[in-house]
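Let me begin by presenting the structure, written as structure tokens, before commenting on it.
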Amino acid sequence: MNLSQEHAINQNLHKNQKNEEKIEKKTINKDGRGQMNYDGEEGQGEKSRFQKMVENEKIEEPQQKDENIPNTDVIERKEVGVIERINSEDVPILMTDNATDYKVLQHNLKKGKVSKKSKEQIEQISKQEENDMLEYLKNYKSNEEFTIQLEDLLSFETYFSRDELHLLYREFKTISKSGMFMSKEDFISKLTPFSRNADLTISLMNAIDRNGDQKIAFPEFVQALSIMCRGTKKERLRFTFEICDFNGDSLVSRDEVYSTVKAISDIFSKFGYSKDKFGDPSEAVDSIFSSGLTTNGIYLHNKKELTLNEFLERGELNPDLSKCFGMFDYFYLKFIGQIDLLFKDKEINMNGQLTKIKPKTIFNFNISHRRTLSLRDGFLIVYKKKKFKHDEDKPSKVIFLPGSTVKVVVGSQPSKKKKFLSKKFHNYYGFRVTKGNYNRFFLMENRDEALNWVNAIRFHSRQGFRFQSFSKVRSNISVEWFINGSSYYNELAETIRRAKHEIFITGWWVSPYVYLQRDNGIENMEKSRLDRILTEKAKEGVKVYVLMWNETNLGVQLGSRHAKNWLEGCHSNIHVIRHPKRYPLSWSHHQKNAIIDQQIAFVGGIDICLMRYETSKFQLTDDQGKRFPGKDYGNLLGTVIRTGDPKKDQFNRRECPRMPWHDVHTKIVGPSAKDVASNFIQRWNHAIYVERSNRFQPILVPKNYTGLPSDDAKPDKWKNLVSNIRKGFSHVSYGREKPTHYQRAGDNPKVRSHTRQGAFGLQSDQIDNKIDKQKNNSTNSENSENSYSEFDEEDEEGNQEEEDEDEFDEFEKDENQKQENSKIPFNNKPSDAGGLKSKNYKNNNNNNIIESLKDEESFELPGTPKIDLNNDKLLKSIYHLSSNMSENSCVVQMVRSICPWSAGTDVEDSCYKAYLGLIKNAQHFIYIQNLFFISSCGSKLPKNRIALAILNRVRRAITLKEKFRVIIMVPISPSGDLALASSRMIIGWTNRTISQGGQSILELLKNEFPDVDLDQYISFNSIRQWEANGDRIFTEQIYVHSKVLIVDDRVAVIGSCNINDRSMMGSRDSELAVVVSDQSKLLITMNGKPFKVGKFPHTLRVGLWKTHLNLTDSEISSIIDPITDNAFINIWRKTARNNSIIYKEVFGDCILENQRRLGIVQKKYIPKTNELIVQLSQIQGVLIEYPLDMFCESNLFNEQVGIFTAESYVDVSIFT
């Protein structure tokens, strides 16, 4: 082929430039199918170039390369060739982020079965394959079949670079007999794993074989692979539609889609992972065909069949639909995954000036602009090139690249509309970036420059890591947990004061008037008010950005307009955005984060607003308003007024107790904090782009500041260690919270005793290092990304029992003795015979620890006793009394629920996938605290299947006779005032999930296992507090607002996501959570056997139990192993039952959990008598049982719901 022939090809390649911009139209060929061109557009009856080439079965002979043709040798191609390309749409949903496990999965897929080889052997095989691929690229020369011209055509028309095309051709030749064509027999036997499903196999082949000649040419194969693994979401949805359309009638039915999902689900288990992320096949089908609301609140009706347009519309609601429920993952793993791993460590950041083409502007011209582009940290940052001024600190556009697609575009002679362009662009090369509604051409003078930018953008577009999250799994992160608002607010205030550059804050509710520190007098408390701290930092030059939910729901008033005006009036460096402006009316922004200098992030369930400050005392009264001033004294079961004067009380403090607020938050330091900042930047910029009223707000970009904010204010850990050792261990308590409660008449010291908290900060590297040296299994041998949450960690009970036995003997004997001493028979009357009030329960373990100190092999601090590092009892006790931070040892990933309305991106439901995956793979126990527990065991509503995952895991434990425990803690009334029909409906949905309605967890288990005592497996709990004040005794539920999942003390999920469809489906409320495992391992017992757990999730779980059970430090050892009969039955369940019995006897039907029907008047207090005080003093902690029969005699969905109430007209999904 000579130059004129090549130029003719280029002219034909893009002679119809409108195909890049037109609206696609459906055409039906003879068999009823739509004809799709290889660029992903619908055909208009004209055959594509590839179709013509395939029909003629003619590939032109390579000609001698002309000197004028740009150099395409191996070295040059390698520079712009294959890079890590992990796009949101290319990485399989089921893959782990562990490279070895990923290679095992690829090896299984290539062999077509589960390999018996070890991971080490497969690692060696994979390494050899990588070397072979690199050698192939180095020595590759064009041949008679795969010519340079065909290479050019494919690289321009697909999402693959030249090197990738060569490697794909190498793989294709191993499958096909002829080299360029694959027969139907080869396709069925070697390419697809669905040979047993004839309909699916034929449909898939028809989708790839565009000309219908029953053969697949290499160009057809590459184009289909390009769409499946790297195409736009619309392209992949169209391809999915064709695969599911078995009969070619341009409609897909429930049966067709179900057959597809079922076949894929079956084949996945064949290759060694049955960890199905798509749920039950019926769930996937229901998500497409059932009725419901879109992300913008548009109602979709139930459908039996879907057209292409309907399929595309509903595809926006399901993040798995564009993956063809995993089929595209299969092709990615089989053909692309190994290529992506070749350059997995290569990072590409770029800067340069390009010409941007904005299509179809005024007068139907394509307008060109010169732009400066910067590519870094997953963002494409566009700066305007101004004639007199160029300020790179003010970008004109910032594009969050994960989820985007980029494609090389080559042009020939310009059309009439482009003749105004410079002549150097008449034969142009460039690329097109597509992300959501953003669609732009960028032009360059040569191909190599275009390919460099394309490869770099593809690298930064990577997404879809574990749980299909936007965030990578990152190691060596410092994470700190906070139980309740007081400790979190205090740390937040100190961190904000150390900010040097930027402060990001987002929340469901942000109040300028919340006091963050309340322990050091009125003057310091006033200084700690949020608006004053932010103003102080703004005056220092720190930029403050606050993103609030604009309460579009008329039933909720948070005063966001006043908060915006107030904060922006404090200083010009404070910027506030309220989003969205008008719709959706049904959904909300629910993320609760603060980010300091893009280096430190706070993530969890606590908003920075009124009524969230709480201590571990769970104080009910504050007559003088010293700790809870004005509207900070609140009770959700009454009429809450969140707007107006914040200093004005909304309740009579003598008549109404406050409702304590129980929550959990985290502090993250390290690269994962950058992921939280990226999430904020994406949402902030999206709010600017979609709302014209925000156009004057600054656009944010990711920045890499050097040096963490100063940490001088933090207490010295060694000083704490010296002080605590001198005083002895008996005073040491869990966590960092300082004493905050002043004693008053009427306080119950038995209930309040658990509030004494110190700071036993045994966190130093010296101590940890010396301890690690004494362990037989150093955590250094752990793979930095091999966390429990990757699902492939083997059962350590069997693998490590032998090697840990010697180390564990002494500790095991001591633990068994403690358990024997505290096992007491239980009866229904609260007494010293059960729970934590047993006289035999307490032990003097700490005194024994002090007495057991030895002098040999110890370390010494000046003025302190020597600590024996070989004494297991001492070390284990210290571990469980350590602080709430794990420094530089955590494996962290951010997960979220996000969608087009909330962030301008495709639907992401990685929170949901994390919950499903972790629950399904739990080995010993599941611990959940959540505001809501609204889920389904298989019914159409709710749509999320977290309850089903729990049900199936308990089923498996019962069938296999495993000792397995599940604890689920929710509030008694999660939605506030029961006078509202919406609040009653939410309780109704909760009860349907747990114990009522016929399809609940407990009902299904009882029907299936009638002879099994379910109390041995699952416990539903709430928490409640009482307090005497003057001549009255108050009681109130503690509002469980935390969103925590802990599995096996090895992994924890903490964030803002509730267990309901609103939070989990991804297409509704915006959410953010952190998945944490810890490489710092602690050796404990699990069911009495040696078991290694992560320090962070273990200490968090123990800290929560200590708070709920009111444990002293000497009693902690009894809950270290959470699944023994002693911990779960004798302590947890019996304490909850004893406390519930006392509350019922003292308060009767005055409290919600004792009411079986609606309409019974509640009372917040009863007259105080000495007898009642004595009886209530037997309550241990705050734990109670969740009332399974609450309102069982009332229909919460219809009773007291009139035709004039809003609940009668809104869609039921609002409540689920």
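The backbone N, Cα and C atoms fix where each Cβ goes, and this holds for glycine too.
As annotated by Swiss-Prot, active site applies to His590, Lys592, Asp597, His1041, Lys1043, Asp1048, with the evidence given as sequence analysis. According to Swiss-Prot, the feature Ca(2+) binding site maps to Asp209, Asn211, Asp213, Lys215, Glu220. Sequence annotations record features per position, and here Swiss-Prot assigns compositional bias 'Polar residues' to 1-14. Summarising the annotation, Swiss-Prot assigns compositional bias 'Basic and acidic residues' to 17-33. Summarising the annotation, Swiss-Prot assigns compositional bias 'Low complexity' to 776-789. Annotation comment: Swiss-Prot describes 585-612 as domain 'PLD phosphodiesterase 1', evidence class sequence analysis.
For the domain 'PLD phosphodiesterase 1' (585-612), the DSSP counts in helix, strand and coil order read 0 helix, 10 strand, 18 coil. Annotation: Asp1048 carries the greatest number of neighbouring Cβ atoms among the recorded positions Asp209, Asp213, Asp597, Asp1048 [cut-off 10 Å, Cβ to Cβ]. The average pLDDT computed over the domain 'PLD phosphodiesterase 1' (585-612) stands at 95. In sequence order, Gly604, Gly605, Val664, Gln929, Asn930, Leu931, Val1053, Ile1054, Gly1055, Ser1056, Cys1057, Asn1058, Ile1059, Ala1073 constitute the residues six or more apart from Lys1043 (active site) in its chain with CB-CB distances below 8 Å. Spatially, by CA atoms, the recorded positions Asn211, His590, Asp1048 include one closest to His1041 (active site), and that is His590. A simple way to gauge crowding: the CB of Lys592 (active site) has 27 other CB atoms within 10 angstroms, across all the protein chains here. Cα separation, Lys592 (active site) to Asn211 (Ca(2+) binding site), rounded: 53 Å. For Glu220 (Ca(2+) binding site) paired with His590 (active site), the C-alpha to C-alpha distance reads 45 Å. According to DSSP, Glu220 (Ca(2+) binding site) sits within a helical segment. Comparing the recorded positions Lys215, His590, His1041 on other C-beta atoms within 10 angstroms of each C-beta gives the minimum for Lys215. Across the structure, Asp597 (active site) and Asp209 (Ca(2+) binding site) place their CA atoms 53 angstrom apart. Among the recorded positions listed here, namely Asn211, Asp213, His590, His590 has its C-alpha nearest to that of Asp1048 (active site).
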